[in-house]
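Inspection log for the structure reproduced underneath, given as structure tokens.
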Amino acid sequence: MELGPPLVLLLATVWHGQGAPVIEPSGPELVVEPGETVTLRCVSNGSVEWDGPISPYWTLDPESPGSTLTTRNATFKNTGTYRCTELEDPMAGSTTIHLYVKDPAHSWNLLAQEVTVVEGQEAVLPCLITDPALKDSVSLMREGGRQVLRKTVYFFSPWRGFIIRKAKVLDSNTYVCKTMVNGRESTSTGIWLKVNRVHPEPPQIKLEPSKLVRIRGEAAQIVCSATNAEVGFNVILKRGDTKLEIPLNSDFQDNYYKKVRALSLNAVDFQDAGIYSCVASNDVGTRTATMNFQVVESAYLNLTSEQSLLQEVSVGDSLILTVHADAYPSIQHYNWTYLGPFFEDQRKLEFITQRAIYRYTFKLFLNRVKASEAGQYFLMAQNKAGWNNLTFELTLRYPPEVSVTWMPVNGSDVLFCDVSGYPQPSVTWMECRGHTDRCDEAQALQVWNDTHPEVLSQKPFDKVIIQSQLPIGTLKHNMTYFCKTHNSVGNSSQYFRAVSLGQSKQLPDESLFTPVVVACMSVMSLLVLLLLLLLYKYKQKPKYQVRWKIIERYEGNSYTFIDPTQLPYNEKWEFPRNNLQFGKTLGAGAFGKVVEATAFGLGKEDAVLKVAVKMLKSTAHADEKEALMSELKIMSHLGQHENIVNLLGACTHGGPVLVITEYCCYGDLLNFLRRKAEAMLGPSLSPGQDSEGDSSYKNIHLEKKYVRRDSGFSSQGVDTYVEMRPVSTSSSDSFFKQDLDKEASRPLELWDLLHFSSQVAQGMAFLASKNCIHRDVAARNVLLTSGHVAKIGDFGLARDIMNDSNYVVKGNARLPVKWMAPESIFDCVYTVQSDVWSYGILLWEIFSLGLNPYPGILVNNKFYKLVKDGYQMAQPVFAPKNIYSIMQSCWDLEPTRRPTFQQICFLLQEQARLERRDQDYANLPSSGGSSGSDSGGGSSGGSSSEPEEESSSEHLACCEPGDIAQPLLQPNNYQFC
């Protein structure tokens, strides 16, 4: 019977007296109120394991002297039985405590919604009461208010739920748990019970422990047990081929017969060691389990590695050092240490420990090794046997670096070639005719291999420095001398040419400052000034930039980001250019464009798929090409997820770089919401929302056209706006357009807004799991595809500011200030927590149906002061109170107090579940017709930038009262930092 996954937490604890683990507070039960802080502490002789129902907000405190579980905001979902078990000593047993979170609004906590058992087993319906006082009024019903079958025998356990004895196939049904609270009936949601017919089979066996080590004289216990639905089976325990005469204990548990033979040894000796077998058999068959029992003279600790202790890697490579430890008793202390010789610029060592029975695996991660990280790495471990250690020596391989100089020695010309690298490079000299920068052995007049160069320096873990000398007597003019070096990492060369000095002719003295010379100097000065001015203007011109950042490591508040240009590009993404058939331009901007295309053979040979292709303009500069390539590399690095615009392929050879992504038929979320808002007659408030807030808010007036932007890829200004729609090239396209038009007429519901919010949160949680910081989370950067699936896109930020008066140049980077967290605005600090702040602004956009954030407030000193002082926007008219609470938590000035994206996903899914269940929620009403089509095409780069704050009074309905008087001038959502 499966009741859902358990909560399992491990922690090494301090030693205390012999016996079972102890849970504090003591007592079999603990009753608390919702919102209280609950702390459960388990003290044991060694490592312990907690198990119990999965519930939110439990944390494990590694600093406590024992294994401590804490929740600072208890909810009814924390109700359940929690067990603490000592891992290393099965004789010690375990200790339990049952927690009640007494919530009058939630009488039941369901641990599972489906239970499957075999006929004849005990079936547990895990509906737990949250208040022990309710146990006398509980009852069980079948779905639809029907009574439980008269032949069904069941009882209620406050710790486990309703238990049906010897379940029958006829008992398969949906059950509802009921109780009375203050004279009113309180019911749980349904639990589906499925009872399968029993099939005869051999007994199930268990031999514990699976491996055992004891020091001579210690106590030990080996338990052989078997279970079966029928009583007719036998169990024996053997050591080698010898059957052990051990008493048999029988029991009947959970509708199964259980038979146990337990061997207890008070003081083990060497003759007790060996292979033990547990054998159970019946008329159907036999099952056997074996284990190895080892008796040792004393404690031991052995460290080994399958790797060589002398490691060599190239600079920039990554390496994992792995050590296996076999130990009894448990290892108490261990640590990795760097022993030098380079102690400057050392970063904190990153390692993990994997634990099995009497065996440990220690792994040290050395990522992108730097020159200063070569040297000795030392693992030290301790148990009762004492200390043991293992040392790795890491040497870095360097490609050769070469320098050629000339010096006369005793009247003869000598060329010196100084070379550094590791392993020691080989040196070859070549003499070639003429002044050339290339020469091989076939072209060379003479070749000398220096097999014994002079070693100038050979320090451990560092480069070898050598010098090769080529005595040539007299340098020959019109000759080039090459010093070529090579080792296993790479090769390098440098040439030297003799310079011929002819006789100089003295010119007659003339005045330097003649009028002609002065004029020439003046013209040259003007040209230089003009060149500097053009260079300055070019530097000021915004570049196509990559906004996302991927964290390589962090220490405290100090983050180190991966350089995306250094990421590898996997050729598996390469797609033939000839298999792309381009359609209409979806959007064009200052640096490139997004084009609809049909891809033939993408994924499968006969596949035909509509895609979006991002490309640069032919006038793009090298740094912009590098930025697009970086964007391609990072998309391939992140991998696939349903809620991000996924990479499908790329064309990087034989022409300009093309990035092929998913085609999003509904365009960006911002314009989608605004098109829906145009059809709105009034708000549809949820029952949990204040009814007094702006009840006169009836019609959202929006302009008929919005500037379509894609971070510079699809931004042309209002006049050159290209509506992103599917291109009708076939009858199937016309049907597709009809589906989109039909969808356009469907009114929005509150569930739709929750659906968009939850999907974006899931996409952001995926990016956070990949250590990716988006830095531009906004509705304009979320695209919608078939089925209203929201996808996060627009990882690059580049705007067409040349034709947009809303942007003021104050540097070389534009920033979405109204979406940014305070630490990003004032300290230029970007973290996952700053993305959470931006997500809160996006939530506000969604539940205001596409209004501008901070309506009526300009981006100026007043705006910055409001943000710094903790100003928060008012509750949007379509947002329930719970959603607005999420927004407020996202806007906490202290980043560490903001929720994680995983927590946001959980809260939104809970709200969506309640919305689906509550039939009183009404749809957001529509005008009966669609004034805007939802069939706008989208792309990976597709986004839209809203027009700045309109002066309509409807927009001010979402403002704080003090902000309504703020004049609505033309604002600027982006500024330079």
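Glycine residues also receive a Cβ, built from the backbone N, Cα and C atoms like all the rest.
Swiss-Prot has this to say about the protein:
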TOPO_DOM  20-515  topological domain 'Extracellular'
CARBOHYD  Asn45  N-linked glycosylation site
CARBOHYD  Asn73  N-linked glycosylation site
DOMAIN    204-298  domain 'Ig-like C2-type 3'
CARBOHYD  Asn302  N-linked glycosylation site
CARBOHYD  Asn335  N-linked glycosylation site
CARBOHYD  Asn389  N-linked glycosylation site
CARBOHYD  Asn410  N-linked glycosylation site
CARBOHYD  Asn449  N-linked glycosylation site
CARBOHYD  Asn478  N-linked glycosylation site
CARBOHYD  Asn491  N-linked glycosylation site
TRANSMEM  516-536  transmembrane segment
MOD_RES   Tyr544  phosphotyrosine
MOD_RES   Tyr559  phosphotyrosine
MOD_RES   Tyr697  phosphotyrosine
MOD_RES   Tyr706  phosphotyrosine
MOD_RES   Ser711  phosphoserine
MOD_RES   Tyr721  phosphotyrosine
MOD_RES   Tyr807  phosphotyrosine
MOD_RES   Tyr921  phosphotyrosine
MOD_RES   Tyr974  phosphotyrosine
> Which of the listed glycosylation sites (Asn410, Asn449, Asn478) has the least company, meaning the fewest other Cβ atoms within 10 Å of its Cβ?
Replying inline: Asn410
> DSSP three-state call for Asn73 (N-linked glycosylation site): helix, strand or coil?
Replying inline: coil
>> Neighbour count, 10 Å Cβ-Cβ cut-off, for Asn389 (N-linked glycosylation site): what number do you get?
In response: 13
>> Going by DSSP assignments with H, G and I as helix and E and B as strand, what are the residue counts for the domain 'Ig-like C2-type 3' (204-298)?
In response: 3 helix, 61 strand, 31 coil
> Where the distance is taken from Cα to Cα, which of the glycosylation sites Asn45, Asn302, Asn335, Asn410, Asn491 turns out closest to Asn478 (N-linked glycosylation site)?
Replying inline: Asn410
>> If you count other CB atoms within 10 A of each CB, which of Asn45, Asn73, Asn335 wins among these glycosylation sites?
In response: Asn45
> Of the glycosylation sites Asn302, Asn335, Asn389, Asn449, which sits closest to Asn410 (N-linked glycosylation site) by Cα distance?
Replying inline: Asn449
> Counting every protein chain present, what is the number of Cβ atoms, excluding its own, within 10 Å of the Cβ of Asn491 (N-linked glycosylation site)?
Replying inline: 15
>> Return the residues near Asn302 (N-linked glycosylation site) by Cβ distance under 8 Å, restricted to its own chain and a separation of at least 6 in sequence.
In response: Ala325, Asp326, Ala327, Asn388
>> Please identify, among the glycosylation sites Asn45, Asn73, Asn449, Asn491, the one with the smallest Cα-Cα distance to Asn389 (N-linked glycosylation site).
In response: Asn45
> At the level of the C-alpha atoms, what whole-angstrom distance separates Asn449 (N-linked glycosylation site) and Asn45 (N-linked glycosylation site)?
Replying inline: 69
